[in-house]
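Q: Okay, handing you the structure first.
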Amino acid sequence: MAAVDRFNLLYREISRSCSVYIEALAIVGAWYTVRKCLTLVFNTYSMIRLHALPKLVGEIDIVKRYGRWAVVTGSTDGIGKAYAEELAKRGVNIILISRSKEKLEAVSRSISETYKVETDFIVADFSKGREAYQAIKEGLKDREIGILVNNVGLFYTYPDYFTNLSEDMLWDMINVNIASANMMVHIVLPGMVEKRKGAIVNVSSASCCQPTPMLTTYGASKAYLDYFSRALYYEYASKGIFVQSLTPFVIATRMVSCSRVTSKRSFFFPSAEEYASHAISTLGLSKRTPGYWKHSIEFTLGERLPEWIWAWFAQYFCRIIRKEALTHKAK
């Protein structure tokens, strides 16, 4: 009996000395739970605000808020073409920039006839570096540009190891994915600042979310574009300029035609038209968004994954696509 009493006494002493630590752990646990709940509530509210409310209460008057003319780079296919069409639906005149004159003429004519807006185009190959911009400067001179969409981008032929990439591919990716956005902003931003209104949309990628092996240079270039956009937003928001970074996941376009899985529209891989119709409704509402509600869920989960899990999954997925592309190439 005495042994039992001694044990009870010892237990009470230990419990008394540990009570402070138990209370501290309880406070930490409560704080963590509240923080996670608030994050969930905020993310849910953000998704509703971005992707549901604009459809219910009506979208902003883009022409009135930003201006009558928009410039869209990489605008003869995929997201660029679809985004240009969405702008035209809202009464915005479009200036298309791409490297194929035939495609530019066809898309320009189609948009003008379908949406009854003015269109123009400039032939420019962004992979050529500095020489591409003189024609652009001349073409945009004396134009009051209200919206700039930096969509032009270069992707790998298929996911691959860094040492397998050619020097030409590396330079082209730097010129197209990084330099083009800098130069286009540098050309049109002064006019926007002078009018104290304008919008710049830079199409980044969800690969900027975390390091993405086998898309190393592409992912890094899109991470640059994302950071560039976010810094530019804070730098010029007070001057009436809205800057947005779009960070979509895979969209079923020609850019990802290396795989039958990613090039076909599905639940997680929307068409360019479907994506653009959602993305444009976020203009003026979010400085950084995947632009599509399903991609927003994926992006939120991706950001919260440990880096090694993201990297493992990305490399596994990229290896499958690479194998498929090489098999198809060998036939």
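Note: Cβ is positioned from N, Cα and C throughout, glycine not excepted.
Found this in Swiss-Prot, in case it helps:
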type: ACT_SITE; residues: Tyr218; note: active site, proton acceptor
type: BINDING; residues: Gly74, Ser75, Thr76, Asp77, Gly78, Ile79, Gly80, Asp125, Lys222; note: NADP(+) binding site
type: BINDING; residues: Ser205; note: substrate binding site
type: REGION; residues: 2-82; note: region 'Required for mitochondria translocation'
Q: For Gly78 (NADP(+) binding site) and Tyr218 (active site, proton acceptor), determine the Cα separation and express it in whole Å.
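A: Each residue's Cα considered, Gly78 (NADP(+) binding site) and Tyr218 (active site, proton acceptor) end up 18 Å apart.
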Q: Compute all pairwise C-alpha distances among Gly74, Ser75, Thr76, Asp77, Gly78, Ile79, Gly80, Asp125, Lys222, the residues listed as binding NADP(+), and give the largest one in whole angstrom.
A: 21
Q: Taking the Cα atoms as reference points, how far is Ser205 (substrate binding site) from Gly80 (NADP(+) binding site) in Å?
A: 14
Q: Measuring Cα to Cα, how many angstrom lie between Tyr218 (active site, proton acceptor) and Gly74 (NADP(+) binding site)?
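A: About 16 Å separate the Cα atoms of these two residues.
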Q: Count the Cβ atoms, other than its own, that fall within 10 Å of the Cβ of Gly74 (NADP(+) binding site), considering every protein chain shown.
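A: Here the count is 26.
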Q: What number of additional C-beta atoms lies within 10 angstroms of the C-beta atom of Ser205 (substrate binding site)?
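A: Counting Cβ neighbours of Ser205 (substrate binding site) within 10 Å gives 26.
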Q: Would you please pick out, from the binding-site residues Gly78, Gly80, the one with the fewest other Cβ atoms within 10 Å of its Cβ?
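A: Ranked by other Cβ atoms within 10 Å, the binding-site residues Gly78, Gly80 bottom out at Gly78.
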Q: If I take every residue in the region 'Required for mitochondria translocation' (2-82) and average their pLDDT values, what number comes out?
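A: Average per-residue pLDDT within the region 'Required for mitochondria translocation' (2-82): 73.
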